[in-house]
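Quick look at what TrEMBL lists:
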DOMAIN    51-332  domain 'ABC transmembrane type-1'
DOMAIN    368-595  domain 'ABC transporter'
TRANSMEM  50-75  transmembrane segment
TRANSMEM  87-107  transmembrane segment
TRANSMEM  161-182  transmembrane segment
TRANSMEM  188-208  transmembrane segment
TRANSMEM  275-297  transmembrane segment
Amino acid sequence: MQEESKEKSKDASFESLRILSERWKNGTFSEIIDDWKWIFGYSARYKGAIVFYTILGILSTSLGLVGSVAGKYLIDIITGYQIQKLPLLLCIMIGSTVFSLGFESVINRISTKLGIAINNDIQADIFDKIVDADWLEISKYANGDVLNRFNGDIGTVSGNAISWLPTIIIAVYRFIATFFVILHYDWVMALIAFLSAPFLLLMSRFMIRRQREYSKKVREMSSNLMSFEVEAFYNFDTIKSFGIAPYYSQKMRWWQGLFKDISLKYNLFTIKTNIVMSILGSAVEFTAFGYCLFRLWTHDITYGTMTLFLQQRSNLSGAFGNVISIIPSFLNSSVSAHRIRELVELPKEVHIPESAELDPLAKDGFRVQMHGVEFSYIEGNKVITRSEFQAAPGEIVALVGPSGEGKTTMIRLILGLIRPQEGETVIIASNGKTVPMNAETRHLFAYVPQGNTILSGTIAENMRMVKEDATDEEIIEALKISCAWDFVQHLPDTINSRVGERGRGFSEGQSQRLAIARAVLRDAPVLLLDEATSALDVTTERNVLRNIIRQRPNKTCIVTTHRPSVLGLCQRVYRVMNGTVTELDGAEGAKMVEDF
Ligand SMILES: Nc1ncnc2c1ncn2[C@@H]1O[C@H](COP(=O)(O)OP(=O)(O)OP(=O)(O)O)[C@@H](O)[C@H]1O
């Protein structure tokens, strides 16, 4: 019977342990651990430097202690008039201070170097991962948000990834070493100093959760603010031309207000936490001070020992301060790591290695084909239904139809940026080799999207973006094909003339011709033009398309357009409407031209 009750109480204590650990797990603790495991992946690359950093920190702490003990003896010597030991103690004090300073400077240098290295490492990795993320998933994030995570969050992580472990180790060493030095002279004093320890317990689970919540909210709000700023600056011309600058100015202040509110709430929380900590710290401080005065009054300790005690008590608080202050940065880092991981862990693009087998057949051109394709961005809302499509080498194929019916979606399917939920989108080589569209087939395409895609720099730099080693002659040839040479040849610096961001300094039609020249220079077997000739006059538009096919008779050219002028040049015309892609026969095509 007794055995049974013993067994039961043992079970109960295990049960409460299990519940306790589960509660920790249910909170944010497991998330924090996961986020830090991820950060460790990066810190681990700098193991050697971290160990060196820690050793220097321990040496510097030890020398600080030696200096303090020497200080105690110095005071005792002066108050006891034992002048002969003075030079030795002075040497120890000055030596330990100088070395300690030297070590700290090296630590500072190493931590800065490591911080930059880890920041660059994470940024480079994340950049590659974002570029390789599934298009649909990454396009759910606003540019400003991605930018904020890329700069702000990575900065927070790299600032702490290297330093937090050495800081804790050095602080714990400092605490233990100081405790033993005090214990050596007076155990009661050591006990009082040890009372600082319960401070750590104050960082209860509740506080950790609050801290993490605040940190998360501040980061999110900062992302929202940056998204707003990026969007506003990107659309500066529109804002000005609509005369809505005052509205944007007001909206900017509104976002700033929200950011200020949450930052101040976080700040208040931090102040309250600090007040509680400081009150407790001061209580211990005063107790220690009172005890020292009492022992001095009863002649149990010397002036030197009292100075040592008081100095080391604050050293002990300093060590705690370090550990305590590392907790908020530890939590902030985990929040930032979490936000970066959200991007990193997005599904990747599909890569099909056998796509490389298509490369040697590029000169014969490729057929682009879709069969039974169904696609929806959002479940239940089909944009493309049971659709067939094909474009052969040497053909210009048009996708026409009302706005918002799915022409660009078709281009995205062809590029393999999105994948059909049903059916297949494939590229077929002259020998019959068929590969589904994926990230590895994309280099077989040259794509001119809607909108101005010219970057700041010279015309030649814009061209060499797609072909690094292009000669001036090749660039001029591409400009001639796209009818851009007509105006570039009259510029004072011709191809070395400067272009502003988004083609500033050039007309919309000129920018479009430059964008087409860039695609021509890329010399890919399949050319995709998404409303890329919309700003050109009819004659230029036709000339551009004719030149492209003449230059590379095996090129497959797919254009989306609202303009009838192009249709006469096309071997095939598809109408994208009401979710279906239908090939139009000659009569329907002619009717379509009239309807435009
Ligand atoms: N990233 C996206 N997420 C969700 N829905 C989208 C997305 N992109 C487009 N759509 C929806 O898909 C439909 C087709 O859009 P798409 O851009 O393909 O049309 P379009 O025919 O090219 O239009 P336009 O001629 O105006 O350029 C639209 O209803 C649009 O709202």
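For all residues, glycine too, the Cβ spot is worked out from N, Cα and C.
A TrEMBL annotation is a machine prediction, not a hand-curated record.
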### Task
With a Cβ cut-off under 8 Å, give me the same-chain residues at least six positions beyond the ends of the transmembrane segment (87-107) that come close to it.
53, 56-57, 59-60, 63-64, 66-67, 70-71, 73-74, 77
### Message
Six or more residues beyond either end and a Cβ under 8 Å away: which residues meet both conditions relative to the transmembrane segment (50-75)?
### Response
43, 85-86, 89-90, 92-93, 96-97, 99-100, 103-104, 106-107, 110-111, 114, 162-163, 165-167, 169-170, 173-174, 177-178, 181, 302-305, 307-308, 311-312, 315
### Query
To what whole number does the mean pLDDT across the domain 'ABC transporter' (368-595) round?
85
